[in-house]
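*Asks:* Structure below; questions to follow.
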Amino acid sequence: MKFSNTYSQLDGAFYQRISPEQVSRPQLLLWNDELAGWLQLTEEFCRDRALLAQYFSGNRLPDGADPIALAYAGHQFGSFNPQLGDGRAHLLGEVLSGNGQRYDIQLKGSGQTLFSRQGDGKCALGPAVREYIMSEAMFALGVPTSRCLAVVATGEPVFRETAKPGAVVTRVAASHIRVGTFEYFAARGDLGSLKTLADFTISRHFPDIAGNPELDNEEKILHLLQAVINKQISLIVSWLRVGFIHGVMNTDNTAISGETIDFGPCAMMGIYHPGTVFSSIDTRGRYAFGNQAAIGQWNMARLAEALLPLIDAVPEKAVARAEPLIRQFSRDFDLAYRQMLANKLGMATADEQSTALANGLLTQMQEQELDYTQTFARLTLSLKDAGLTQQLGQELGPWYDSWRTLLADNAITPARAKSLMAQNNPQVIPRNHHVEAILQDYEQNGGSDSINDFLTVLRSPYRLLPQTEKFQDLPADGDRHYRTFCGT
Ligand SMILES: Nc1ncnc2c1ncn2[C@@H]1O[C@H](COP(=O)(O)OP(=O)(O)OP(=O)(O)O)[C@@H](O)[C@H]1O
Ligand SMILES: [Mg+2]
C-alpha cells in the first residue's frame, strides 16, 4: 500500500494524530478485491488474509500510514453542534488509483479519539456489513459513493442495547471533507484555517478552479460553492432515481466530494411514497424520501454561510454574492430531476409532456401502493414483451397507453426507449429485508452463506442474472414495519 498523505500535512487544528485501538482477535470477513485492484494494492499485499486482518482492524499500521481523527462540526436534524469530529474513525492516509485519483483510506469503529464525547469509539458488525453491502450496491447502480475495502470482526463485544459482535469497516472515499468541516472553522472564527481548508478542497477536488487565472480569490470561493452545489444536485437526483433514502442528511454527513457517505440508517424505498421514512429517530420525517432535495439545498445554505467570510469581509456583500447560488439550487435541481424522470420513461430530454406523464405515474404508484423499482423495471421490460404490455395496460389503465402514445408521437422506437430505460431503471436494488436477513446472519453466526450471491446480484443491477429473482421479491408487509437505526 503506497500512501501519499496530504491532509495529515495540514496543521494540528484539522485533526488529532492518534493510532487506532488494538483488538484481540481480528478476523477478515469481507475483502473487496475489485476495489483493492482499483487502488493498486499489490497482489502480494492482498494475499495474506491474517495480515490484512491486522492492518484493517487497526492492530498494525501499513507502512506510510499516518493515522488521524478529523475535526468537524455539523447541523444534526437542524441543530448546530460545533464539535463532532471522528469519534470512532481513523484516517490511515491517502493512496492514488491507477488513473491518478486520490482516495482516503479510513477505519471506522477503530477506537476512541479526542472527538468521541460519550461514545465508545466502536462499531457493531451489523452496521459495518450494512455499509459494505449498501455502498457496493450504490456504486454498481452508478451513484457517487464512498466504498468499503474491508470488514474485520474484532472478536470483541460492543455494548448497544445488548452486547453485539464488534467490527472495523475500512472506508474509501475521494475525501472525508464534509460541509461540517467548513462549519467547524467558521464557528470558531478561525479564518486562517477556513481559508486553508478552502484552498485544500479546491486543489484536491476542483483543480480547474485552482488553475483558472481569470478568478480572484473571492470568485474561487464562489466557484467552489457552485461546484459543490452541482455535485449535491447530481447526487440527490441519483438517489431519487434508484429510490435511496439516506436517512441522516446532517451537514456532517454531507461530503464535499459529492459522494454518498454514512450509511447508518439508510434504506431503499419499496412502495412509492414521497413521505417514506425508515429511520427510527427521524420522527418528523425531516429526511423523508421526497424531502431530500430541500434538505440538500438547506445543507448548501449552511456551507454558504460558513464560506461567507472568505467571499467578502462585509457580511452583507458576501450574502448578496452567495445567496443567488443557493436560490438557483431549486431550479437546477428541478431541471435535473425532470430530466432523470424523462430518462426513466425512455425519453432523452424532458419537456412539459414527459414531466406531466411522470408525475401522473408517480401519483398512480402512490395511490395503488406500487413498488417504485419494480414498476419502472416492468415498464422497461414491457417494451419487448407483449404479455407484460397487456398486463401493465390493465394495471396502470389509460396511463400506460398515454405513455406508449407519447413515445410514438416523439418517434421514439420501443427499442430506443428500452435501451435508455435499461440504463436508468435498475432491475435490482438492495431490498431492505434481504439486507437485514444477511446482517442477522452475521450477528448471530458470524457470517452468511448468501452474501456472495447477494453481492453478485447487486453488482449487476441493470441485468437479470439467474440468482436475481431470489433477492428481488417484495417484502410481505411492504416494509410498513421496517425501521433503521443510526448504528452508533
Ligand atoms: N460509538 C461511537 N463512539 C464515538 N463517537 C461516535 C460513535 N458513534 C458515532 N460517533 C460520533 O457521533 C457523530 C455522529 O455520528 P454519525 O452516526 O453521523 O457518524 P458515523 O456513522 O460514526 O460516521 P461517518 O459519518 O464517518 O460515517 C460523529 O462525530 C461520530 O464520530
Ligand atoms: Mg456521520
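Cβ atoms are placed via backbone N, Cα and C, with glycine included.
Automated prediction, rather than curation, is the source of TrEMBL annotations.
Residues or ranges marked as ATP binding site by TrEMBL: Gly85, Gly87, Arg88, Lys108, Asp120, Gly121, Arg171, Arg178, Asp262. Among the features that TrEMBL reports, active site, proton acceptor is placed at Asp252. Per TrEMBL, Mg(2+) binding site is recorded for Asn253, Asp262.
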*Asks:* Between Arg88 (ATP binding site) and Asp252 (active site, proton acceptor), what C-alpha distance do you get in Å?
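*Replies:* Spelling it out, the Cα of Arg88 (ATP binding site) and the Cα of Asp252 (active site, proton acceptor) are 14 Å apart.
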*Asks:* Looking only at DSSP and grouping its letters into three states, which state does Asn253 (Mg(2+) binding site) belong to?
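*Replies:* Once the DSSP labels are grouped into three classes, Asn253 (Mg(2+) binding site) ends up as helix.
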*Asks:* Asp120, Asp252, Asp262: which of these recorded positions has the sparsest Cβ neighbourhood within 10 Å?
*Replies:* Asp120
*Asks:* Taking the Cβ of Gly85 (ATP binding site) as reference, which residues of that chain separated by at least 6 in sequence fall under 8 Å from it?
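*Replies:* In sequence order, the residues whose Cβ lies under 8 Å from that of Gly85 (ATP binding site) (at least 6 apart) are Gln16, Ala69, Leu70, Ala71, Tyr72, Thr113, Leu114, Phe115, Tyr184.
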*Asks:* Using Cα coordinates, what distance in whole Å links Asp120 (ATP binding site) and the residue listed as 'active site, proton acceptor'?
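*Replies:* For Asp120 (ATP binding site) versus the residue listed as 'active site, proton acceptor', the Cα atoms are 19 Å apart.
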*Asks:* Under 8 Å Cβ to Cβ from Asn253 (Mg(2+) binding site), same chain, six or more residues apart: give me those in sequence order, or none if nothing qualifies.
*Replies:* Gly74, Arg178, His246, Ile261, Asp262
*Asks:* Applying a 10 Å Cβ distance cut-off over all chains shown, what neighbour count does Arg88 (ATP binding site) have?
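*Replies:* Taking every protein chain into account, the count is 22.
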*Asks:* Just report the maximum Cα pair distance in Å for the recorded ATP binders Gly85, Gly87, Arg88, Lys108, Asp120, Gly121, Arg171, Arg178, Asp262, no decimals.
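*Replies:* Site span for ATP, by Cα atoms: 22 Å.
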